[in-house]
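**Student:** So that we are looking at the same thing, I have put the structure below in structure tokens.
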Amino acid sequence: MLKAVLEATIGSKSKRDLKDYLPALRNINKLEHWALLLADEDFSKETEKLKIELKSGNSLESILERAFTLSREAARRRLKERPYDVQIIAGLALHKGKIIEMKTGEGKTLSSVQAAYLNSLTGNGVIIVTVNDYLAERDSNWMKPVFDLLGVSVGVVLSNMDYELRKAQYAKDITYVTNNELGFDYLRDNMRYDLNEKSLRKFNYCIIDEIDSILIDEARTPLIISGPTEGSTSAYLEVNSLVSFLKECAKDPKTGDYPLEIDDLDGDYTVDEKAKRISFTAKGLNNLEQLLVSKGIISGSMYTDSNFNYVHYMTQALKAHLLFLKDREYIVGDSGVEIVDEFTGRVLTGRRYSDGLHQAIEAKEGVRVANENKTMATITFQNLFRMFDKISGMTGTADTEAKEFHRIYNLDVVVVPTNRLLARIDEDDTIYYTEEFKFNAITDEVYKTYKKGQPVLVGTVSIEKSEILSAMFRNRGIKHEVLNAKNHSREAFIIAEAGAKHAVTIATNMAGRGTDIKLGGNIEHRVRKKIGTNVSLEEFQEAVKNERENYLKDYNEVKSLGGLYVIGSERHESRRIDNQLRGRSGRQGDPGRSRFYVSLEDDLMRLFAGDNLRSLMGKLGMATGEPITHSLLTKSLINAQKRVEDRNFEIRKHLLEYDDVITKQREFIYAQRNSILEDTAIKDRILIALEEYLNFLLEGTKSSVVSNVFLNEVNLIFAYMLDSLGSIENINSFDLKSKLMQIAKANLDEKENLVGKDLFNGFLRYEYLKNIDFKFQEHLANLDSLREAVYLRSYANKNPITEYKEEGFLIFSELIKDVKVSTIRRVLQLKLDGNSSDFKSVKKTKNVNAIHKELSGIVINESKSVSNIQVVRSSPKIGRNEPCYCGSGKKYKNCHGKS
């Protein structure tokens, strides 16, 4: 077996990685006889022994082999499944912080148990991340008997849980949760007004299932907590009626491109499908202005402050009509417009496009247009998972993205060989001139296979394409199921039957990822259909036992027909997504077959495969409807996918560079919030902040004369409290500062005595946090505007990232000052009448929701911001002993405070 592990793996890097794990594997196999002799009640006792060893100073490595042996035997006893050697190797790699690539059906879920159990023994918690609630709940229930026997607790966090239940689940030794819920819980925790309402503990170790989906596919879409804004939605309805009055610029009929010279553009706007971008021409802007005026939507110039947003509204309306199509990017359901994940084909419930795009789509579809949202907190998955002390991951397809995993996350990919040799036959692509020819060929192939009895899975890239093929199959009398975002509720049923004889399944990319398609069908599902769900566990197990003979007969029959036949109706932008579809077939050494059907009208070929390819293939005779195989076509296909992969990588890298700026600022703000939440003497904090601010106002004062700036600020802060001082203009500035500090302290002491120390401290905490949250939300909006502004400066040969970092730093300096000054003003100016009900110690976060950030390119004509944001320093520095806001971890006086 050990020799097979090495021989089955290609590539020296993988061989070296696997070789490192072989000594531990040998020792684990030798220890197996020890675990076999243990009674069930001994497992939790052994767990306690291992925990004691760790507390006494031993390392995880010193207990690794015993922990893996215990968890392997626990799985054998509770699941009747003994992890194979390759699964043990996978677990070792996960513990070492690697990404493991294991083919479909090789047991990734079970492989994670050993690494999770070992790392849970530290008491710091292990989080296992999945892509949806179904898998989180399924896997936690599936593995719970194993963890129960071992004496470690297991929990699951689901989307419908309140914070108290979430907190209890995160406190377990091992917690299953989706990537979205984990990210939103982190953001929500840092918006809490009560420390006890936080649900998460410190991030320790994380195992990410389907890591490529989470860290690659979803890395372009940051998580956003948003809240409703005030304002009318009528503008979206108004501009929606104008779309038909504007026309796209004419393209060269030979090349399909726009003229290179701007002056040669004939039309109102250009469309960039690759970047999902609309750009107005000068003529188009003039026509838009005339339309808006003639329809009575605006009066006067479109370029005034009150009217210029209509350029943005119109841009989003054109995007909605031309670039975001129903049943491809979104569906219209009972809840209105719902986004469809381009990688999984699933509905992203509760998510909304930002920047008014969702409102534009709602106006287009004639459903209720909701208010726009403002960003309250945001984070990317890259920076979320970077906060863990150690991360690892599992997937069936990671090797094609190995370079990105290493460059962005410093994670290496270990390709784990299959337990049995792969028997699937992957055929060459069949290429057609038009989509119509291609769909006809797919229908013919499926009909022939269906009549034979071999199960077929047809993968599509959109709901629209799946419904076209479904109609063609119905016309040919092919009985089939369709799995897409419109009928996802039947996913478990459809996937359970997808491997049965005569089964034909059309599926978007969701294709039951995370669930194996078993030849002959799913035995447990078959039993449930026969006996129902209202039976005892013993009755169910007995029925499964009785059904096994019939199931094995069907399994062997489907196996003899060639196993599951996977047909790809189109190449995806990413080779990895194509490999995921292929991976539905050929599990655990079963036979299988896969083939992709491609046409020159497919989006990938049309947008990325080159301008002259279509005319060349027409000359080769493809226009007749006959398929063709040609080296140039194959090369173009591969190059097109690589081009898209490179482009998407640049988008992710670009996003990360911008988010790194926000990350350091976010970490500083959240650290300040936590400090305030824990502070039992916030009155002292406010007095220190006041003294620092007064010192700042006095900086550079050479005489004892009070400056007008100082007087103005003092009057704003102290208001009615200055009567006792008389004419403050005649007081020495440094004496005045001392008197002002005395007045402030007396003011706060009086209020504290009136309502009580605890209640007053709670009020001060609430005011401080409220100001932090409000100012930080404004800051995020300013950074969005700044990002658009610095993009425009690239035309002046300036580096947008550098400009963003420098100006973002200055804006953040203003934020720190504004928070302190606004809090000081509020708490000093507040007059009390003894009614303590005015004070609140807790403010719950409400009216927030998650949205899907649409990361299309920024276009000069649709920018809502000015091209240059001026920041004038008029604020004090951060307190000298506070952490520096650059994220260095040093005190401010030892970092940026030096200057």
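Glycine is treated like the rest: Cβ placed from N, Cα and C.
From a predicted model like this one, the values you see are computed outputs, not experimental measurements.
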**Student:** Among ASP428, ASP429, ASP444, ASP516, which residue shares the ATP site with GLN87, GLY105, GLU106, GLY107, LYS108, THR109 according to TrEMBL?
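**Tutor:** Checking ASP428, ASP429, ASP444, ASP516 against TrEMBL: the ATP site match is ASP516.
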**Student:** Other residues with Cβ within 8 Å of the Cβ centroid of GLN87, GLY105, GLU106, GLY107, LYS108, THR109, ASP516 at the ATP site?
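**Tutor:** The surrounding set, listed in chain order, is MET102, THR104, LEU110, SER111.
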**Student:** For the binding-site residues listed here (GLU106, ASP516), which one has the lowest count of neighbouring CB atoms within 10 Å of its own CB?
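**Tutor:** Candidates: the binding-site residues GLU106, ASP516. Fewest Cβ atoms within 10 Å: ASP516.
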**Student:** In terms of DSSP three-state secondary structure, what is the assignment for LYS108 (ATP binding site)?
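**Tutor:** Going by the DSSP assignment, LYS108 (ATP binding site) falls within a helical segment, counted as helix.
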**Student:** Taking the Cβ of GLN87 (ATP binding site) as reference, which residues of that chain separated by at least 6 in sequence fall under 8 Å from it?
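**Tutor:** When sequence neighbours closer than 6 are ignored, GLN87 (ATP binding site) has GLU106, GLY107, LEU110, SER111, ASN419 within Cβ distance under 8 Å.
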